[in-house]
Amino acid sequence: MKESFRQSMAWLHTWTGLIAGWILFFVFVTGTSGYFDDEITRWMEPERPLPVQQSLSGDREQLINTALDRLQKVAPEAQNWVVTLPHASLTPRGWHDFTLGWQDLPKRGQAFGLRGRETLSTETAAPLPPVEVRQTGGGLQLYSMHYALSYMPYPVGIRLVGLCTLLMLLALITGVVIHKKIFKDFFTFRPNKNRRSWLDAHNLCGVMALPFFLMITYSGLVFFAAQYMPAGIATLYGTDRPAARAFFDELTEREGDVYLAVTRPAANIETMLSTAEERWGEGQVASIRVEHLQGQPQHVDIERVAGDKVRYERQILRFDAADGSPLPSDPPLNATMLTNETLRALHEGIFAGPWLRWLYFFSGLLGCAMIGTGMVLWSVKRRKRNQGDSNLGHRLVEALNLATIVGLPAGVAGYFWANRLLPLDMADRSAWEVHCLFLIFGEALLYGLLRDTRRAWVELLFFASAAFALLPLLNLLTTDIHLGNTLARGDWALAGVDLTFLGLGALFAYMGIKVRKRWLPSPQKATAVEQQPRVAAAAREAH
């Protein structure tokens with residue numbers, strides 16, 4: 001009974017993994033890049049100057065008053081004003097300049113009002129000239145494809161990813177069931193054993209980051225539960241946008257807030273900042289937000305710099321904008337929202353510092369390796385049975401595996417090449433960056449169908465290696481944010497992108513060398529292998 005159950009789980013593990021494998025590999029590649037989406041966006045916007053971490057150098061009270069005067073001038077009909085003080089934080093990541101921002105009241109037919117933002121001088125609070133950057137999707141484009149795919153309606157993409165995520169969770173559970181010696185597999189790898197080596201690599205990658213895989217799949221399902229299971233919301237609230245808004249207002253305990261246009265606070269902002277710093281410590285204020293909800297007095301929120309807690313929740317002190325008296329802040333999150341926000345924080349790693357983010361990144365790469373080795377193992381097991389390339393179905397699976405495992409990463413490299421080489425004034429430039437990614441993927445699929453499978457693997461692995469390894473050189477030739485400058489300035493966020501490209505290039509080169517050695521032996525070695533049966537037969541005849 002146990003063996004039949006384990007065998008049925010093995011069948012389920014194999015086919016759920018294969019059916020969802022191609023999409024899941026895409027999801028893991030783009031999702032792994034999302035842990036450094038801000039850094040990728042900076043790399044893809046080379047016109048932005050290297051950041052200079054400057055604190056306020058003038059009288060803080062006067063600078064903030066000047067910023068509020070500016071907001072009164074440029075955003076008189078806004079539902080909120082935000083003045084961000086210079087600081088470093090984890091959420092959002094990185095250094096934040098002295099800026100002001102606003103969101104206009106939505107006009108008739110609009111769900112949300114337009115947003116605006118200006119960067120200010122830390123000495124005078126005068127607005128600095130905006131930096132004109134190239135049109136690009138940046139890291140956010142890669143991250144959005146992680147959960148919504150591309151070239152299809154958003155609801156279709158997000159549900160397809162959800163279905164594949166559910167199949168991955170099923171594959172993980174069945175994978176644990178079918179491995180009798182799961183902990184032994186953690187220490188087992190037998191090189192140069194063909195199918196056994198692929199199985200060991202698959203097991204090793206799966207066991208090394210198993211807790212991460214279980215967390216990332218389950219939290220991903222919870223993340224979009226309302227989109228994956230909309231029937232309950234549609235039945236109780238309706239299917240239009242206002243109905244969905246009513247559901248989320250009730251979920252977050254916000255009873256359909258109506259915003260009024262804000263005006264300049266009469267109370268002294270500096271007094272509010274001093275009160276906040278007495279509680280949190282000097283330098284712990286991140287921003288000042290002014291809002292006015294219908295039926296309530298206009299208020300000022302002083303927000304604390306985000307810390308490294310797994311559960312991200314805004315820490316604010318709220319004051320009456322008229323007289324500066326303390327006001328109660330928003331109620332704490334209910335249990336449902338608290339659970340959802342905690343799982344979201346775990347999934348996105350928004351609380352993670354540099355080292356933990358790198359651990360997330362390498363765990364994501366292990367996920368790519370686990371999925372990729374599983375797909376290759378399926379092909380290797382059936383290669384002899386299907387007589388190599390003569391079976392059309394097997395041939396198509398081989399080509400899809402090649403295009404996904406090698407062509408897709410090469411396409412991501414092409415996404416970065418397109419960012420540097422496409423004309424700056426090109427129409428739909430950011431869309432063409434994505435087109436270049438999928439054109440390379442399609443060409444890899446076609447190449448895998450037309451070329452001998454083993455040679456195609458070796459050649460495309462070296463192509464992907466060159467595509468990544470040459471990106472820092474391309475960056476050197478086309479911009480001034482190359483390694484020579486970023487390393488000298490100690491800007492490890494930007495330098496890390498180029499260094500990661502070099503590391504990925506080395507990884508694909510190593511895989512190309514190993515695969516070529518195994519699948520394309522040298523002529524002398526091939527001749528020796530062919531002669532082994534003849535030598536053995538001659539020896540038997542001699543005896």
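For all residues, glycine too, the Cβ spot is worked out from N, Cα and C.
Here TrEMBL flags 12-36, 156-178, 199-226, 358-378, 399-418, 430-450, 457-477, 492-513 as transmembrane segment.
For the transmembrane segment (457-477), the partner stretch with the highest count of Cβ pairs under 8 angstroms, out of 12-36, 156-178, 399-418, 492-513, is 492-513. Most Cβ pairs under 8 Å to the transmembrane segment (199-226), among the stretches 156-178, 358-378, 399-418, 430-450, belong to 358-378.
Relative to the transmembrane segment (430-450), the listed stretch 399-418 leads the set 12-36, 156-178, 358-378, 399-418 in CB pairs under 8 A. Remote same-chain partners of the transmembrane segment (156-178), defined as residues 6 or more beyond its termini with a Cβ less than 8 Å from a stretch Cβ, comprise 5-6, 9-10, 12-13, 16-17, 19-20, 23-24, 27, 146-150, 206, 210, 213-214, 217-218, 220-221, 224, 227-228.
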